[in-house]
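K.L.:
Pulled these features from Swiss-Prot for this protein:
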type	residues	note
TRANSMEM	4-24	transmembrane segment
TRANSMEM	31-51	transmembrane segment
TRANSMEM	59-79	transmembrane segment
TRANSMEM	88-108	transmembrane segment
Amino acid sequence: MATIATYLLAAVAEIGGCFAFWAWLRLDRSPLWLIPGMASLALFAWALTRIDSDLAGRAYAAYGGIYILTSLVWMWLVEGSRPDRWDTLGTVLCVSGALVIIFGPRGGQ
């Protein structure tokens, strides 16, 4: 469960950091949004290094599914737009793949 929690921390940090840039450039918010945004992106990068994986590529691949799930939760809770059935189906497929990568047996590795 610690792995999933770390992936969720990374996802929230990345989405929050990227949203700060979105707010500045697309929603006409103050450039001061970039200060917490950059700190959040640094937290995201740090969190991914805490994943229990010997290979960065595998950690990033598994993260992708968790990122998609978290992005759609963000869209719903922060932006007020509920995911549709295609968002949900795509998320189920991606998270299923991420879970296979995270929990799949690694013979000899």
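Here the Cβ of each residue, glycine as well, is placed from N, Cα and C on the backbone.
Quick one: how deep are these features, and who are their neighbours?
P.N.:
Cβ atoms under 8 Å from those of the transmembrane segment (59-79) belong to residues 4, 7-8, 10-12, 14-15, 19, 48, 51, 53, 87-88, 90-91, 94-99, 101-102 of the same chain, restricted to positions at least 6 beyond its ends.
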K.L.:
Using a Cβ cut-off under 8 Å, which residues of the same chain at least 6 positions beyond either end of the transmembrane segment (4-24) come close to it?
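P.N.:
30-31, 33-34, 36-41, 43-44, 47-48, 50-51, 62-63, 66-67, 69-71, 74, 78, 102.
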